[in-house]
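Working notes, beginning with the structure itself.
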Amino acid sequence: MKLLRGPLGAALGLVLLLSPVQTVEPISLGLALAGAASALTGLISYPRLYCYFRECCLQREGARAGAALQEDLDKKLFGQHLVKKVIVKAVTGFLNNTNPKKPLTLSLHGWTGTGKNFVSKIIAESIYEGGLNSNYVHQFVSTLHFPHAHSIGQYKDQLQSWIRGNVSACGRSIFIFDEMDKMHAGLIDSIKPFLDYYEQLDGVSYRRAIFIFLSNAGAEKITEVALDFWKSGKKRENMELKDLEAGVSLSVFNNKNSGFWHSSLIDRNLIDYFVPFLPLEYKHVKMCVRVELESRGYVVDEEIITKVADELTYFPKEEKIYSDKGCKTVFTKLDFYYDL
């Protein structure tokens with residue numbers, strides 16, 4: 001017997017499951033199928049109910065997504081007060097805006113291990129339950145997807161086609177571009193029309209989409225400002241976005257080794273926020289270790305937390321304030337102490 005699959009099969013299953021246990025005659029089965037089809041039509045007519053059974057474009061509304069985003073950032077991200085403030089306000093405000101004038105465009109900058117990939121993951125999870133595995137979240141890694149300089153023309157066409165196709169299917173698509181500092185200059189400018197203030201392009205509106213760029217470029221400038229704060233006796237928590245954003249955008253724009261080198265995305269002010277990730281201090285590394293222990297279900301051992309934090313290297317050479325790899329190697333370091 002051929003099994004019915006998909007929503008119709010599920011609807012029929014519900015009909016049979018909820019019916020009294022008895023022999024199903026062909027005519028009765030036909031009526032049941034008709035009823036299931038009718039139920040399915042009704043199901044599709046109510047998006048909230050339909051989306052309960054399968055993933056839908058924009059799974060969570062702004063308020064719920066914002067609450068989930070705030071909670072995860074508070075619990076899992078350390079030493080990044082600026083990131084928390086900017087990301088929550090930017091994402092929640094954008095999702096609550098019923099008529100945005102352009103897509104939300106975020107550019108996350110800082111050293112490796114400071115939390116850029118982690119935050120992009122949390123943003124995706126706050127909007128779609130599948131997170132990075134959602135059908136509506138798309139990741140690009142420069143060295144993997146755009147490795148050859150001589151193929152830039154081909155990459156531009158493919159990138160435009162991919163974005164156009166996915167936004168046509170779901171206006172609330174999320175696009176994450178990792179390793180922007182390794183992307184070939186000029187390539188990212190091919191998506192400029194999608195980020196601009198156009199109501200539609202060839203019948204497609206990109207205004208509800210979200211674009212996130214991740215880059216190590218600008219990290220030197222961020223460290224310079226953070227170190228100046230430290231030397232002057234100021235608390236890092238007193239740093240504001242205005243202390244960093246302009247310097248970071250200028251640094252990235254003039255960096256010849258960055259995918260944003262002289263990019264029209266920056267020149268035309270199409271990036272809404274340059275989000276600086278501060279270098280992590282010793283105390284932040286210990287926080288990362290503690291949370292990782294808890295997530296693995298291990299007993300929190302302060303001695304092991306200290307040992308792992310002490311094994312990392314810190315900079316500048318004299319002051320040794322900031323972890324040169326952030327929290328990136330914490331997870332593998334723990335494996336050494338918990339080799340079960």
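Just so it is clear, glycine is given a Cβ too, placed from its N, Cα and C backbone atoms.
Residues annotated as signal peptide in TrEMBL: 1-23.
The Cβ neighbour count for G115 (ATP binding site), using a 10 Å radius over every protein chain in view, is 27. Annotated ATP binding site per TrEMBL: G110, W111, T112, G113, T114, G115, K116, N117, in sequence order.
In terms of DSSP secondary structure, the domain 'Torsin-1A C-terminal' (280-337) contains 33 helix, 5 strand, 20 coil. What TrEMBL records for 280-337 is domain 'Torsin-1A C-terminal'.
In this structure, the binding-site residues under consideration are G110, G113, and the one with the smallest number of other Cβ atoms within 10 Å of its Cβ is G113. Fewest Cβ neighbours within 10 Å among the binding-site residues T114, N117: that distinction goes to N117. Same-chain residues with CB within 8 A of the center of the G110, W111, T112, G113, T114, G115, K116, N117 CB atoms, the ATP site residues themselves not counted, are F118, N216, F277, G326, K328.
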